[in-house]
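K.L.:
Copying in the features that TrEMBL gives for the protein in this structure:
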- A:6-23: transmembrane segment (TRANSMEM)
- A:35-53: transmembrane segment (TRANSMEM)
- A:73-92: transmembrane segment (TRANSMEM)
- A:121-138: transmembrane segment (TRANSMEM)
- A:158-181: transmembrane segment (TRANSMEM)
- A:188-208: transmembrane segment (TRANSMEM)
- A:228-247: transmembrane segment (TRANSMEM)
- A:268-292: transmembrane segment (TRANSMEM)
- A:319-343: transmembrane segment (TRANSMEM)
- A:364-383: transmembrane segment (TRANSMEM)
- A:389-413: transmembrane segment (TRANSMEM)
- A:449-470: transmembrane segment (TRANSMEM)
Amino acid sequence: MQTTIVIIAVLYLLVCVLIGIWATRRTKSSSDFYIAGRNLGMFVMAIAAFSSIQSGFGMVGGTGLTLSGGLGFAAGIMVAAPLGFALAWFLVGKRIWKLGALGEVYTLGDIMEKRYSSKAARGWMGVAVVLGVIGYLGTQVQAMGVIMNTIFGVSPNVGAVIGLAILAFYCIGGGMVAGVYTDLFQGVLMAIVSIIAFFLAIDAGGGIPHMTETLYSSKPLLASPYGSYPILSIVCWFFLFSLGAAGQPHFITKFLMIKDTKHLKWGAFTAGLAYVMTTFLVIGIGLCALVLKIQGKFPAVKSPDDTLTAFLTEFTPPVIAGLVIAGLLAAIMSTGSSFVTLGAASLIRDIPKAFHQEVKRELFWSRVAVAALLVVSTLFALYMDTLVALLGVFGWGTFASAIFPPVVLGLVWEKATKQGAVASIAVSLLANFVLEVGAKYGFKPLPPGIINGAFAFTLAILVFVAVSLLTQSSVKKLDRQLLEVIEG
Amino acid sequence: MFSADKWIYAFTGLVILILIGMLTGAWRIILYPYLFIIGIGVLLGLWQQLKRKPQLIWVPVSITVLYLILYVWLDVLSLHSPTGGSTLVFGMVPTTALFFLGIWPIAILVSLLYGLTFSSHSDSMQGE
């Protein structure tokens with residue numbers, strides 16, 4: 001890899017370390033560690049929310065999937081995500097903030113216990129989050145290894161360890177304060193370099209009309225918004241990735257971190273616009289690579305995931321390639337930092353409290369838990385690929401189906417019950433696991449093209465409403481403050 | 001007394017339709033009910049303000065109607081060919097142009113409407 005790219009990547013990592021040192025000095029309590037002291041303004045919160053959602057999967061995977069099958073992935077997922085920001089702000093933005101104002105509400109488990117007065121609901125939520133976090137972190141570790149290998153030429157395992165060490169440095173010390181401010185830096189970097197990369201890609205592809213004509217003459221479907229993806233999948237993605245956004249823990253817990261509700265006002269617009277900017281990178285480079293491939297000008301890649309780095313090193317100046325690669329690291333690390341803090345919160349706060357246990361010296365043990373989660377995820381990713389793949393299925397679909405019904409519907413519907421909450425979480429975990437793992441072994445009960453996570457999501461919503469209605473006799477009258485939260 | 005019951009039931013009914021769409025592999029039975037769910041989501045988000053200013057109902061209604069018009073248009077345009085023909089609109093085939101210049105920006109429009117209709121008037125706990 002060229003020296004310029006290496007220097008830019010090193011500078012990027014150095015900035016993350018410096019933010020980590022600054023954040024560590026500011027982190028003095030559990031509130032600082034979990035919700036950044038509930039002191040964020042609109043811009044920091046919105047960019048942190050967007051950058052934690054825009055992951056290595058979206059940018060690296062999305063570009064590869066556009067090369068493989070045209071615009072279908074972008075049309076389904078990347079068009080849905082900005083709508084997801086808007087829906088989340090509308091549905092739960094103010095409600096989660098208000099709930100946070102009622103007391104020590106730092107985690108999704110805290111939200112569950114406040115809403116349902118149930119330790120079981122807290123515990124089930126803690127388990128869902130921990131499982132998802134380990135899976136997600138495992139995949140981030142692997143992605144980190146690939147990118148560090150591209151930049152520094154070290155083996156993917158060594159690269160993953162270097163990247164994780166830096167992530168550990170700022171997350172252990174600075175918790176969510178470090179998480180959101182590195183997210184801010186990383187998010188702005190991602191958005192800016194994406195726009196530059198888009199124009200470079202369009203230029204390399206010969207302009208939009210020329211690219212469309214090339215795609216159309218090769219195979220008309222490739223010029224359509226669906227590409228070669230089944231329209232059923234695109235519609236499922238649209239449904240899951242927009243509505244399900246409000247069920248992503250690394251996103252909705254950001255609403256607890258705002259210092260005042262007035263900072264909600266332009267957050268959805270800021271986050272949505274920033275996400276749209278990064279989508280331009282995926283669409284631009286993905287389509288350009290496809291056009292160049294049709295013309296026989298794109299280098300052969302081992303896997304579609306290598307599309308982005310192959311394009312950058314072959315078709316862009318080193319400075320731009322360096323910035324975009326730093327942007328990719330940013331996408332991976334910003335998602336990873338959010339997850340590792342969430343996982344620590346579940347391990348140290350939610351699960352023990354579900355068993356009526358309280359961890360003393362919570363801040364210290366949270367830092368230990370962050371370190372432990374990073375070590376476990378690294379070991380899983382490096383030595384237990386299959387387990388990571390299995391846990392990886394606890395991705396967007398599982399979070400959406402486990403969290404949307406009890407948290408989002410629970411905060412807008414007075415009649416929601418703890419039984420409904422627990423049943424929907426259990427069903428979502430089971431349905432996602434059976435469908436995703438089953439699919440690996442040939443068990444595919446759904447029509448081709450249906451996304452398992454989207455199906456589990458609908459199932460969990462229906463179970464939540466049905467069980468809540470069946471258990472109305474157990475409902476205690478909600479207090480006035482909680483009713484005000486539900487009212488919005 | 002707060003009651004969003006009827007909207008939650010409408011939401012649930014639409015989710016049942018989506019489940020049927022998934023089980024039968026009928027994409028229109030997934031997509032079109034979902035466009036109404038978007039409107040219900042916005043409506044529930046605006047619930048508090050709607051009680052003071054019922055005229056704000058235009059927000060969820062117009063979002064749903066706009067999505068419906070554009071998706072029906074896309075549906076009709078792609079009935080005979082996924083590209084909607086070979087004419088280029090802003091350098092894209094007609095269906096792609098409609099999707100990326102029409103449907104995609106609505107998400108940002110919804111975010112803008114959140115900002116424009118936002119009110120912290122009812123926040124009794126603000127600043128606590």
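Note: Cβ is positioned from N, Cα and C throughout, glycine not excepted.
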K.L.:
Which range out of A:6-23, A:73-92, A:228-247, A:319-343 gives the transmembrane segment (A:268-292) the most CB pairs under 8 Å?
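P.N.:
Most contacts with the transmembrane segment (A:268-292): A:73-92.
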K.L.:
What residues elsewhere in the chain lie close to the transmembrane segment (A:449-470), defined as a C-beta under 8 angstroms and at least 6 residues from its ends?
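P.N.:
Distant contacts of the transmembrane segment (A:449-470): 230-233, 236-237, 239-240, 243-244, 395-398, 400-402, 404-406, 409, 413, 415-417, 419-421, 423-425, 427-428, 431-432, 435-436, 439.
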K.L.:
Of the listed stretches A:35-53, A:73-92, A:228-247, A:319-343, A:364-383, which one has the most C-beta pairs under 8 A with the transmembrane segment (A:6-23)?
P.N.:
A:319-343
K.L.:
Might you confirm whether the transmembrane segment (A:121-138) is in contact with the transmembrane segment (A:188-208), defined here as three or more C-beta pairs under 8 A between residues 6 or more apart in sequence?
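P.N.:
As far as Cβ distances go (cut-off 8 Å, pairs 6 or more apart), the transmembrane segment (A:188-208) and the transmembrane segment (A:121-138) do not touch.
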K.L.:
Which residues of the chain, 6 or more past the ends of the transmembrane segment (A:364-383), have a CB below 8 A from one of its CBs?
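P.N.:
Counting only partners 6 or more residues beyond its ends, the transmembrane segment (A:364-383) has Cβ contacts under 8 Å with 30, 33-34, 133-134, 137-142, 145, 157, 160-161, 164, 167-168, 171-173, 175, 340-341, 343-345, 347-349, 391.
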K.L.:
Please work out whether the transmembrane segment (A:228-247) lies in contact with the transmembrane segment (A:121-138), by counting C-beta pairs under 8 angstroms that are 6 or more apart in sequence and asking whether there are at least 3.
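P.N.:
Result for the transmembrane segment (A:228-247) with the transmembrane segment (A:121-138) is no.
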K.L.:
In the same chain, who gets a Cβ under 8 Å from the transmembrane segment (A:158-181) while lying at least 6 residues past its ends?
P.N.:
13, 16-17, 19-24, 26-27, 32-37, 40, 44-45, 48, 141-142, 144-149, 151-152, 254, 257, 329, 332-334, 336-338, 340-341, 366-367, 370-371, 374, 377-378, 381-382
